[in-house]
Amino acid sequence: MLKLKLNKATFIAINLMVFGFIAYKSFFLLNEVKNREIEYELLLAFLSSLLSIVPFTYSWYKLGKPRLTDWVKFSTFLYLIFNYYDIANLLDSKEVGIYAENYVNISYVYGALLTVVIGLMTINIVDFLFIFFGAVKNKNVLNYEIQNKYILRNEKLFIISSLSFIGLMYLLLALGVIGYGASDEVNIGSFSFIFQVINIVSPIFYLSYLILKYSMHYNSRMFNIAFKTYMFLYILFGLIAGMKGILIFGIVLFLIPYLNSGRKINIKYVVFSFLFLLILYPLNNNYRDILVKNPGVSKIAALQVATAQTVSLNFGKNVSSSTNSYTDRIAMLPYLVFALEKEKDWNNYKNLDRFIYLPVSLIPRFILSNKPQEDNGAKLQEMIVKGIRNSPTPTMYGWAYLEGGFIYVVFHFLLLSVVLNYVDFCIKKKSIFHLIFYANLLVKSIIIEQDVYFFIASLFQMILVYYFFTKFFFVRSYIK
């Protein structure tokens, strides 16, 4: 069994290992890089590591688990700083450029790292202020374990609703409304709120099944059959939709109620997850390539061919393909550098003009037509390479800088860290609503790709949908 709590020795060991790696890479880069003065870059990269890894591990050690803001810091290190150390000596080659086509403008690398430092400093200052003013006096402040007993209002209704909803997801997938290659109009059209609600509800049934199974110990024959059926359909949907995020973060959502119930992770689950992730990227990449090269092919047929191609690879090629794919997936520094380079040409959202809409972001677009549209990724793509259907992201840091420079980075991360700290420290956690909301917010905090405005706007939608979902399907039980 694996224990996920950090003791002092583990806390020290993790930090020694990380900063040992940083020291090694820094000495290597000092000797290797000759096309620019890299000393100040390395200083900023070290500060970023200090402001991300140390608070993350310290909260894990002292508070029992990382705070929501700590997950943002951890992902910052993973997506940006680790990527910098990995490619800093190759920044003058197309090999590490966007789509291996565009060179990284090395004159903006220092500014990109400074942007990260400013964002991390802002988060850490807000974190400190919450601690300074006594937000963590309650030792159970980060305990999201359900304190009250809940039961389903109607088990059959819940099961029928969940299977009907996953059926709706498959229908929308078959119609080409959702999934890989779907039109962006779904997310920005007048009735986009309907599909946003569907996207928000999508993980709730999945998470609710896990909570019922592991936290509330539902074990009836009908429930167990429905549980296994839904898990299978949910995983299959992620594969057919070509949306590996559903599957990767499905593992994270699984761990939250599983660990909250007091269980420890069995080694066999770790091995299974590792093997699953090992084939996921080659399978997903083959699947997407088939869909792009054969527009008329059905998704089921494409998945069958992709599976055959993936299985035909030998183990070594699978490992190599997976390693390269996961490394590329978290290689966000070139996009951040590009955002700094193109800030003066960016006119989509500037100078916080859209934030006046944040309090009314719940109003549907067919009523409030001027409400900001989440199309910034597609517009940034047009500035990189036209004709490619993709929505790249320079991460939260790049979107903040595109707003108008460094001062807007401070505002974005000030607002983000206040919101996340408020959820962690100022809301009483005792109901199933809080656990569902926290679990999905934790996943959002790990994904630092979304713009802060749309990140917070989506929280309003989540709160509304999750509240009515839990009120409709669950009821508090007063039976001891």
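Placement of Cβ uses the backbone N, Cα and C atoms for every residue, glycine included.
If you look up TrEMBL, you'll see 12-30, 42-61, 108-136, 157-182, 188-212, 232-259, 265-283, 399-420, 454-474 marked as transmembrane segment.
Same-chain residues lying 6+ beyond the ends of the transmembrane segment (454-474) with a Cβ under 8 Å from its Cβ atoms: 150-153, 157-158, 161, 193, 196-197, 200-201, 204, 208, 358, 361-362, 372, 374, 396, 415-416, 419, 431-433, 436-437, 440-441, 444. Beyond the ends of the transmembrane segment (12-30), by six or more residues, the same chain brings 6, 38-39, 42, 45-46, 49, 53-54, 57, 85, 88-89 to within a C-beta distance below 8 angstroms of the stretch. Counting same-chain residues at least six beyond the ends of the transmembrane segment (399-420), those with a Cβ under 8 angstroms from any Cβ of the stretch are 67-69, 72, 114-115, 118-120, 122-123, 126-127, 336, 339-340, 342-343, 346, 348-352, 376, 393, 441, 445, 450-452, 455-456, 459.
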